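Trainee: Handing you a structure now.
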């Protein structure tokens, strides 16, 4: 069967992967309300297309932290990709590079920063979890710098792991033939079996619950790399992020895997964009499955979006070729959406191109004259 959209890869991944692995990638926290809402919220935003505009040439290029990329569609950090496919993060890195876009490598990758760098040129960011042992953190950041990574995406929504009931039921743990490659030499690369989720136990043991804004400042003392704060959902935190020296903000609810009943990221986006007030770029992560979703995010003020699950599902289904196809399909759909909305470049995408459920009616109803 020919695959014609990004969503179709999920069912193929479900067939191919062991239940424990598929459930780990696919599930969200608790009732999974936010998991559904991350998708559903996009469907409540409608277009106001402009017509009779010359759209014969469309430019989707943009810059992120000064790096030129082919489109505002980037790869989010997703953990343990070798569970999906033997090539794991290597395949993802090559696909991102071929598409001319950015890959973010997870701290909990099954390939190291050095291994990913060895795949060839490419613009790569490194997602960071802050461990209790700050020497581990400093070492990891230095390794990412040396391997040519261009930014740190600091995950700030995980002082504890969210309650992912599928992982508890499945007694999730990293398969024995894999390790968290970045921590292999530090005796932190293995995950023990546990009575619930092995990952939850690992996080409880290793990740620092005292993490606070002062640590964002501390991180700037140990690296010159720009820091993106990943996991902001409110205007209040957006303002503090800017004051704390963040180079950018990623509006993210961790793929709905942390606190359930937070809003969809597309619903939280505009509040954060307004609070950032153009001082730093704001990106969106979560729920993007269509080119139309990308356009909606940009219309609400995002500088770009990140995709997570579509990457691991397409990786499971078809390896590197699957990820390439996902990036190409999203690119093609986004280009078509721009054309049909009357936009030739990203700067032409405005708030007026969409209408959301929270907008006031644009025009007052006109009283028709009585005949």
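Cβ coordinates come from backbone N, Cα and C, glycine included.
Dumping what TrEMBL says about this protein:
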type	residues	note
DOMAIN	1-359	domain 'FMN hydroxy acid dehydrogenase'
BINDING	24, 129, 164, 254, 257	glyoxylate binding site
BINDING	77-79, 106, 127, 155, 230, 252, 285-289, 308-309	FMN binding site
ACT_SITE	254	active site, proton acceptor
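Explain the structural surroundings of these features, please.
Mentor: Annotation for residue 129 (glyoxylate binding site): same-chain Cβ neighbours under 8 Å, separated by at least 6 residues, are 107, 108, 155, 158, 207.
Annotation for residue 289 (FMN binding site): spatial neighbours 5, 6, 7, 39, 310, criterion Cβ-Cβ under 8 Å with sequence separation of six or more.
Every protein chain shown contributes to the tally, and the Cβ of residue 254 (glyoxylate binding site) ends up with 24 other Cβ atoms within 10 Å.
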Trainee: So if I measure Cβ to Cβ from residue 127 (FMN binding site) and keep only same-chain residues at least 6 apart in sequence, which ones fall under 8 Å?
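Mentor: In sequence order, 77, 104, 105, 106, 107, 152, 153, 154, 155, 230 meet the Cβ cut-off.
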Trainee: Given the glyoxylate binding site residues 24, 129, 164, 254, 257 in the record, what is the largest Cα to Cα distance, rounded to whole Å?
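Mentor: Overall maximum Cα spacing for these binding residues reaches 19 Å.
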Trainee: Measuring Cα to Cα, how many Å separate residue 254 (glyoxylate binding site) from residue 285 (FMN binding site)?
Mentor: 8
